[in-house]
Structure formats: structure tokens, C-alpha cells
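Participant: Please see the structure below; I have some questions.
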Amino acid sequence: MIGGLSVRHPHKRRKSEAAAMHHSLLCVLGLLALSSACYIQNCPRGGKRALPEGGVRQCMPCGPGDRGRCFGPSICCGEGLGCLLGSAAAAHCEEENYLLTPCQPGGRPCGPEGGHCASSGLCCNSEGCMVDSDCLGETDAADPAQSSARSSPTDLLLRLLHVASRGQNDY
């Protein structure tokens, strides 16, 4: 301090600015290394989210013994399995979000929101599932021997709902 005034050391300030700039540069390089950017040599035609030339692929298998198919990030459905929503068996379906190519789960189209028949009497889209009597005939007609072997309470309830909805349409 000279005469009540403080004297700053300009060389100390330059060192701290250089250290801060060096730290910022390291952070930017670290973020760049961790990013999943689409570089010139590996970009698909039309960009990262472009559809492949081969079309749409079938969604990943899921559930016990891979007997089901992913219908959404937390929805796994299969014949004889039903639909598993938010369960550990459906956790594998989260990986679909990280794949570049879109998928279609299979089954015939159903429901008002672009769903597909997932299991006997169930119509699912990527957001959830709902009971749909249009999906009953698809699995029952496919293998009549197996449909008589299935007599779980859920299947029985779905068949009753199907019969009830047919009765209402007659009036």
C-alpha cells in the first residue's frame, strides 16, 4: 500500500486469467469428446434422423425369454405374456430411444392413436395400451388349439368384453 492506495500486481492477474482460460478449454474439449455428434464421415444421407433406405425395422425383442416386442420405452407385449408396462422386463425397451433407425412393433393397426395389436384384445402405442375388441380375433383365429389352452382370468375377461360390445352394436 502506497499512500493509502493499494497496488495490484498485473503479472498475478494474467496468470489467473490464463489458468481460467486453460480450465475452460479443457472443459470444452471434454464435452466435445463425450458428445455423440454426427461427423462428416459417418452421417447418414439426410442427417442423423433420416430414415434408412431399407425402411422400418421390427422393434427389439423383450420380456422373459424374449417372447415379446417393445411397443414403447417402457412397454413390452407378447402373446401368452400380455403387456408389461414399466416393469424390469420392459426396461430393455429404453434402448430403442438410442437407436437411429425407427421401428414398428408388428401386429395390425388398431385404436384411434396409431396403435398396433399387441396381445389378445390389447392395442398399444408408444404411450400406453388399451383394451380393443378388434385385436381379439387376430390371435384367436391364428391358432385355435392354443386359444382353448389359454383360460387365464384376463383372457376370460377380454372375451366377455368382446361379447358385451357385440351385443351393444346390435341395438
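We number each residue from 1, going along the chain as drawn.
From the backbone N, Cα and C atoms, a Cβ is placed for every residue, glycine too.
Remember, predicted model here, so these are calculated numbers, not experimental data.
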Participant: Scan Cys93, Cys103, Cys110, Cys117 and flag the one TrEMBL records as disulfide-linked to Cys59.
Facilitator: Cys103
Participant: Can you tell which of Cys70, Cys110, Cys117 TrEMBL lists as bonded to Cys93 through a disulfide?
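Facilitator: According to the record, the bonded cysteine is Cys70.
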Participant: Tell me which of the disulfide-bonded residues Cys59, Cys70, Cys93, Cys117, Cys123 ends up closest to Cys77 (disulfide bond) in space, Cα to Cα.
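Facilitator: Given the candidates Cys59, Cys70, Cys93, Cys117, Cys123, the nearest one is Cys70.
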Participant: Using Cβ-Cβ distances, find the residues under 8 Å from Cys129 (disulfide bond) that belong to the same chain and are at least 6 apart in sequence, listing them in sequence order.
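Facilitator: Sequence-distant Cβ neighbours: Phe71, Ile75, Cys77, Cys83, Leu85, Gly115, Ala118, Leu122, Cys123.
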Participant: Sequence order is fine: just name those disulfide-bonded residues in Cys59, Cys93, Cys110 with a Cα within 10 angstroms of Cys124 (disulfide bond).
Facilitator: Cys110
Participant: Where's the emptiest Cβ shell within 10 Å among the disulfide-bonded residues Cys103, Cys123?
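Facilitator: Counting other Cβ atoms within 10 Å of each of the disulfide-bonded residues Cys103, Cys123 gives the minimum at Cys103.
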Participant: Between Cys76, Cys93, which of the disulfide-bonded residues has the fewest other CB atoms within 10 angstroms in the structure shown?
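Facilitator: Counting other Cβ atoms within 10 Å of each of the disulfide-bonded residues Cys76, Cys93, the minimum falls on Cys93.
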Participant: Within 10 Å of the Cβ of Cys124 (disulfide bond), how many other Cβ atoms can be counted across all chains shown?
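Facilitator: Taking all protein chains shown, Cys124 (disulfide bond) has 28 Cβ neighbours within 10 Å.
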